[in-house]
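See below for the structure under consideration.
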Amino acid sequence: MLRVALLLLPGLPLAGVGATEEPTQEPGPLGEPPGLALFRWQWHEVEAPYLVALWILVASLAKIVFHLSRKVTSLVPESCLLILLGLALGGIVLAVAKKAEYQLEPGTFFLFLLPPIVLDSGYFMPSRLFFDNLGAILTYAVVGTLWNAFTTGVALWGLQQAGLVAPRVQAGLLDFLLFGSLISAVDPVAVLAVFEEVHVNETLFIIVFGESLLNDAVTVVLYKVCNSFVEMGSANVQATDYLKGVASLFVVSLGGAAVGLVFAFLLALTTRFTKRVRIIEPLLVFLLAYAAYLTAEMASLSAILAVTMCGLGCKKYVEANISHKSRTAVKYTMKTLASSAETVIFMLLGISAVDSSKWAWDSGLVLGTLFFILFFRALGVVLQTWVLNQFRLVPLDKIDQVVMSYGGLRGAVAFALVILLDRTKVPAKDYFVATTIVVVFFTVIVQGLTIKPLVKWLRVKRSDYHKPTLNQELHEHTFDHILAAVEDVVGHHGYHYWRDRWEQFDKKYLSQLLMRRSAYRIRDQIWDVYYRLNIRDAISFVDQGGHVLSSAGLTLPSMPSRNSVAETSVTNLLRESGSGACLDLQVIDTVRSGRDREDAVMHHLLCGGLYKPRRRYKASCSRHFISEDAQERQDKEVFQQNMKRRLESFKSTKHNICFTKSKPRPRKTGHKKKDGVANPEATNGKPPRDLGFQDTAAVILTVESEEEEESESSETEKEDDEGIIFVARATSEVLQEGKVSGSLEVCPSPRIIPPSPTCAEKELPWKSGQGDLAVYVSSETTKIVPVDMQTGWNQSISSLESLASPPCTQPPTLTRLPPHPLVPEEPQVPLDLSSDPRSSFAFPPSLAKAGRSRSESSADIPQQQELQPLMGHKDHTHLSPGPANSHWCIQFNRGGRL
C-alpha cells in the first residue's frame, strides 16, 4: 500500500517498480561539492523491513475490522475474507502500477511463513489424543496421500488421452503424476483456518489435522521423485530409481522425525539450567525449534515433520522447567507469530492470483482436476475407514466420513510447490498454476463457506472442551492401568501396554535427566489443586483485611449501639434498666456516641489486620530477570505475612502454642518439670491422677523469628518460598541437648480462662467438666509431620480432642456411673479396681456435686448411655500410649513456655 501511495505522488522515484536508483546531486558549474542537505529521501535503504512491517500492520488491521461484526465472521471464515482482501489489494496495485508487484514467493513461504504455523500446531497439539489416533492418522496421511496422488495423475492423463484436455497442454504421464503429487496433499494451514471455526469433535479434528501435518513427508518425497523423473526423462528411468524412490520415503519421514526429536531433547536439556537466566527461556524455545526446521530442510528431509515432532516432544519438559512468566511469553508469542503468518499467506494468495502473466487457462483441465480430487478423496476415505473400523474400538460413522471427505482442503503448500516447477522441464507449468489457484480458492472459499452449514445439517458432534476435573483424571488413569494390566495378563502387547512401558521409561530416565528437581512438585496434580485452593482461600482472607470480619465482629458485646452522647450516658442506662440509684452529677461519665466508638473499634481492627510493608526495595535493572513492580512486591509481602500470622494465630488458639523470642531462662534448682508418666516415688504410693493436657510431652515448633525475616535477601526473584516449617521432635531429644533455640522457651503453662461453652457442652454438660483432655497420638504418626499434611494432622487432633477420653497409665480412681440418678449428698467412696484390670471411662464426680435436680439428671442419662460405648476404652492400642519413654506425646501450651 505504501508503494501505491508513493506511485500516486509525482516526482518520487520508487525502487523496484521500474524507477531508477536515487538520483545523485551533480556538482555545481565550477565543480564545487554539494552542500549539506536538510532532507533526503532514502527509501531504498529501508524498503524491505518497512514493507514487512506494513504488511503485518495491514493484516492485523484487517483482522480487527473483520471481527467488528460478529455476524460476518460467524458466516464467512476468516481465511475467505483474507483471500478476498488480497484480491482487492492486488487489483489496486495492478491498476496503479500496471503490473503485479507482490507474489507469494516459495522461499519466503517455506523459510519464514510456514515454520511458525507448524510449530504452534505441534507445540499445542493434544498429545494424548494424537497418539490414541496415531494409527488412523498415519493411514490417512501415507496411504491416503499416495492413493490421491496416483489416481488423480492417472485420471488426468486418461482425460488428456480421451481428448477432453486441450492439445496445447503439453504434458505426459510423469507430468500429470508430478501435478497429482502436489495437488493431492491436504494443507495444514487451510485445515487449521477452517476447522478451528467449525468446532467439530476432538477425534474428527485430530484425524484431519494430523493427516495434514504428517502427509508432508509423502508429499515431499513424491514431488522430488516425480520432479527428478521428469528431468531425467521417462526413457532414462531405471528399475533401481523406483526402489530409491520407495526408500527415500522412509528416509525423509523417519529422518525428519529424528531431527525433531534430537532438537527437542536439546531444548529440554538446555531449559533445565536456565534457572538464573529466566529472560532467555522464550528465546531458546523459538531458536532451537527453528534450527530443527532449517536442519531438516538443509538435509532434504521433512521439515514440517521435524518441527512438529520437536514441539510435540519438548513441551512436557520445557513447561516444567521454565517459569510461569516464560510460559506465558512463549504461548502468546507463538500464537501471535502463527496468526500473523497465516494472515499474510492468505493475503498473498489473493494478490498472486491477479497476475495473469503467470498462468494459462484450460477449462477441461480445471474442471477435471476439481472433480477428480473430490471423488478420489471421498472414495479413499470410505475404503480406508472401512479397514480401520475393523480394528477400532470406537468406529468412525458415516457422518464423520462425510466431514473428512469434505475437509480435504488445499492451500499455500500446493501453490508454493507449483511455483517451484521449471518451465523448461515442465512446459504445462502455466496451466498447472492456473488449475492450482482455482483448486485452492474453491476448497478454501466454497468448501470453507459450506462446511459449517453441512456440519449443522448432519448434526455432527461438536467439541465440548473443558478442563478435566480431578475425579475424571483419576478415573482415566485408573482405566489406563486396568487395561494395561489386562493386556499384560493375557500376554498381548497392545497400545496400553506400550504406553505404560513408555511412561515407566519416561519417569525413570527421561524425566530424571531433562527436568530439574523442583519441577516434580509442579507435576503433582493433587498438590497443584491443593495449592490453588490455598491461594484462593488466602486471597479471600487478605481481601477481608487479615481477619474474618463479620457484622458481629465489628461491635463489642458490651458496647451499646447508641447514636448520641445523651443516649449513652450512665443516667440514661440506669433509667432504662429501672434502677433506683441516684448518682451525683460529678460522677456521671461522659460517654461518646456509638458511632465514635464503632469508628475507634474499626480503627483498631484495621490497624491490627492490615499490614504495612516493611521491606525497602531498591530500583534495579537486571539482564537476567524481570523485576517485579512495587504493587506486585507489596501484594506478595502482604500475602506472606498474613498467611504466617494466620497460621500462628490458628496454632496458638487451637493448641495453646506460646511463641516467644527471648532467650531461655535458667531453670531453678528445685524446680521439676511435669511429666506425663506417673512416678510412684513422686506420688508416695498414692494412686496417680489422670493425665491432663498440660502434663504431656511437648513438641518443639521451630518458627522463624521476625529478626531473621527482616534480614532475608532482597533479591528480585525468589520463587521457592516454603513458608513456615513445623518440626516435631521428642521431648527427650530436646532436653538432652541442654538448650533450646533462642526463639523459643520451655516454661510451665499457666491455666487459661476457659472459653465460652460450645454447642456440645450445652447439650452435654459433663463434657465441660473434663478440662483439658490429653490427646495421645501414635508414635508412628508423629515422627514425621510434613508441612503439606499439617491441615489434616490438626483436624485429626481436633477430632481426638472432642471424642477421646483421658487415658490412664494406671487403673483409674473413678468408677463407672450407675444407671440410676446420682445423689449429691452421698460421698464418693473409692472403689478397689484391682479386680478390674481394664481401663474404663468414668464421668467426673463433679457432676454429682453440681446441685442439679433429679429430673435434670434423669434427662441426661439416655445421652450418657448413648455416649458411654464411644468413650470406653475397649482397645488400648489406639488411645493409650503406654510408657511415656517409648511413645511420642504432643502438648501445645498457651501463655507460657513449652
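Glycine is treated like the rest: Cβ placed from N, Cα and C.
Positions annotated as transmembrane segment by Swiss-Prot: 4-24 (among others).
If you look up Swiss-Prot, you'll see 25-47 (among others) marked as topological domain 'Extracellular', on the strength of a curator's inference.
According to Swiss-Prot, the transmembrane segment annotation covers 48-68 (among others), on the basis of sequence analysis.
As a summary of secondary structure, the topological domain 'Cytoplasmic' (69-75) carries 6 helix, 0 strand, 1 coil according to DSSP. According to Swiss-Prot, the feature topological domain 'Cytoplasmic' maps to 69-75 (among others).
Feature annotation from Swiss-Prot assigns transmembrane segment to 76-96 (among others); the stated evidence is sequence analysis.
The annotation topological domain 'Extracellular' is assigned in Swiss-Prot to 97-136 (among others). Here the topological domain 'Extracellular' (97-136) has a mean pLDDT of 87 out of 100.
Sequence annotations record features per position, and here Swiss-Prot assigns transmembrane segment to 137-157 (among others).
The topological domain 'Cytoplasmic' annotation in Swiss-Prot covers 158-175 (among others). With DSSP states grouped into helix (H, G, I), strand (E, B) and coil, the topological domain 'Cytoplasmic' (158-175) comes out at 7 helix, 0 strand, 11 coil.
Per Swiss-Prot, transmembrane segment is recorded for 176-196 (among others).
The list of residues near the topological domain 'Extracellular' (197-202) in space but at least 6 beyond its ends in sequence, with Cβ under 8 angstroms from a Cβ of it, reads 77-78, 126, 129, 403, 451-452, 455, 460-463, 465. Under the heading topological domain 'Extracellular', Swiss-Prot lists 197-202 (among others), citing a curator's inference as support.
In the structure as shown, the Cβ atom of Asn201 (N-linked glycosylation site) sits within 10 Å of 14 other Cβ atoms. Under the heading N-linked glycosylation site, Swiss-Prot lists Asn201.
Within the chain, the transmembrane segment (203-223) has long-range Cβ neighbours (under 8 A, six or more residues past its boundaries) at 118, 121-122, 125-126, 129-130, 133-134, 136-138, 140-142, 144-146, 149, 178, 181-182, 184-188, 191-192, 195, 245, 248-249, 252-253, 256, 302-305, 308, 394, 396, 400, 403-404, 407, 413, 417, 460-461, 463. The transmembrane segment annotation in Swiss-Prot covers 203-223 (among others).
The feature topological domain 'Cytoplasmic' is assigned by Swiss-Prot to 224-248 (among others). When the topological domain 'Cytoplasmic' (224-248) is classified with DSSP, helix, strand and coil residues number 22 helix, 0 strand, 3 coil.
Swiss-Prot lists 249-269 (among others) with the feature transmembrane segment, giving sequence analysis as the kind of evidence.
The topological domain 'Extracellular' annotation in Swiss-Prot covers 270-278 (among others) and is backed by a curator's inference.
Residues or ranges marked as transmembrane segment in Swiss-Prot (evidence: sequence analysis): 279-299 (among others). Among residues of the same chain six or more beyond the transmembrane segment (279-299), those with a C-beta under 8 A of the stretch's C-beta atoms are 110-111, 115, 118-119, 123, 255-256, 259-260, 262-264, 266-267, 270-271, 305-307, 310-311, 314, 318, 322-323, 326, 329-330, 333-334, 623-626.
Across the candidate stretches 76-96, 137-157, 334-354, 401-421, 431-451, the maximum count of CB pairs under 8 A to the transmembrane segment (48-68) is reached by 334-354. Beyond the ends of the transmembrane segment (176-196), by six or more residues, the same chain brings 77-79, 114, 117-118, 121, 145, 148-154, 156-157, 160, 205, 208-209, 211-213, 215-216, 218-219, 222-223, 226-227, 229-230, 304, 342, 345-346, 369, 373, 407-414, 417-418, 421, 426, 432, 435-436, 439-440, 443-444, 447-448, 451 to within a C-beta distance below 8 angstroms of the stretch. Most Cβ pairs under 8 Å with the transmembrane segment (76-96) belong to 334-354, among the candidate stretches 137-157, 334-354, 363-383, 431-451.
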